[in-house]
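A.B. asks: Following this message is one structure expressed as structure tokens.
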Amino acid sequence: MKSILDFQKRKKSGEKITMLTCYDYSFAKILSASSVDVLLIGDSAAQVMHGHSTTLNASTAVLALHTEAVARAASNKFIVADMPFLSTRKGLKNTMDHVQKLMQAGAHAIKIENADGHLELIRHIVESGVPVMGHLGLTPQFIHQLGGPKVQGKSTEAAEKILQDALALEKAGCFSLVLECVPSELAKKITQSLNIPTIGIGAGAHTDGQVLVLQDLLGMNKEFRPKFLKKYMNGYDLISEAVQNYVDEVKKSEFPDKEHSYDGN
Ligand code: KIV
Ligand code: NA
């Protein structure tokens, strides 16, 4: 996918959109050669790359650095960068400075969590030539407000609020919408109610696309096992084993062997 026009085409054709987070050059090289559609420089980088316990510690400077690295490797992919915690809450000029940094780092669009207080802002960003992806349901920047990483939209009222927010985001000009940790039926209803594609994580099978954190699908974190996550590889054990083999072989003077040494000719 090269542009937001392709998102619209997918909504019409029904072909699923696939998105993965990506924060660095090495993985971006691999994803660039894959058929995944969209790379997201998520503020989850604060956790996955930098070891913070929430996404609150992500900054635009750090996300821009990750975006640059990804963009160098994956010029063929549509790249979305997250607007980090509070970057949309300090006035329009400040917001636009963050948008500018992420777009100039190589993003083709930015993603903003939640709708309340953002509709005018999103209109302005879109009118400035910058595509905006929405994000509703479990919005991790609101973790302290939500009381933890809980499924959202379970009550009738909460579900209605998310649906109304989704419609408002579409109206404000969002080109697509992430739905995180909401019941499948609600995600289905929202997907059917919108003209823009929905991209789900923990939102069931009826969204127009799916997104996962790359390191999660690779099984890099043994402790992280939410219900929605399918690990397509046991990365933690595979990498541990390779590292241990290296250490063992060095200690036994088996590495480097002749094959991996310069013989002077
Ligand atoms: O930061 C992130 O990884 C995200 C996705 C989970 C949608 O926002
Ligand atoms: Na995010």
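Even glycines carry a Cβ here, placed using N, Cα and C.
What TrEMBL says about a protein is an automatic prediction, not a curated fact.
Quick paste of what TrEMBL says about this protein:
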type	residues	note
BINDING	Asp43, Ser44, Asp82, Lys111	3-methyl-2-oxobutanoate binding site
BINDING	Asp43, Asp82, Glu113	Mg(2+) binding site
ACT_SITE	Glu180	active site, proton acceptor
A.B. asks: Cα-Cα, whole number of Å: Asp82 (3-methyl-2-oxobutanoate binding site) versus Glu180 (active site, proton acceptor)?
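C.D. replies: A Cα-Cα distance of 14 Å.
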A.B. asks: List the recorded positions Asp43, Asp82, Glu113, Glu180 whose Cβ sits under 6 Å from any atom of ligand 2, in sequence order.
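C.D. replies: Cβ under 6 Å from ligand 2: Asp43, Asp82.
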A.B. asks: Taking just the CA atoms, what is the gap between Glu113 (Mg(2+) binding site) and Ser44 (3-methyl-2-oxobutanoate binding site) in Å?
C.D. replies: 13
A.B. asks: Let me check the 10 A CB neighbour count of Asp43 (3-methyl-2-oxobutanoate binding site). How many other CB atoms are there?
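C.D. replies: Here the count is 29.
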A.B. asks: Compute the centroid of the Cβ atoms of Asp43, Ser44, Asp82, Lys111, then list the same-chain residues not in that set whose Cβ lies within 8 Å of it, in sequence order, for the 3-methyl-2-oxobutanoate site.
C.D. replies: Thr21, Leu40, Ile41, Gly42, Ala45, Thr55, Ala58, Leu63, Ala81, Met83, Pro84, Glu113, His135
A.B. asks: Take the C-alpha atoms of the residue listed as 'active site, proton acceptor' and Lys111 (3-methyl-2-oxobutanoate binding site) and report the distance between them in angstrom, rounded.
C.D. replies: 13
A.B. asks: Let me know the most crowded of the binding-site residues, choosing from Asp82, Glu113 and counting other Cβ atoms within 10 Å.
C.D. replies: Asp82
A.B. asks: List the same-chain residues at least 6 positions away in sequence whose Cβ sits under 8 Å from the Cβ of Ser44 (3-methyl-2-oxobutanoate binding site), in sequence order, or say none.
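C.D. replies: Non-local contacts for Ser44 (3-methyl-2-oxobutanoate binding site): Thr21, Thr55, Pro140, Val213.
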A.B. asks: Note down the number of other Cβ atoms within 10 Å of the Cβ of Lys111 (3-methyl-2-oxobutanoate binding site), including every protein chain shown.
C.D. replies: 24
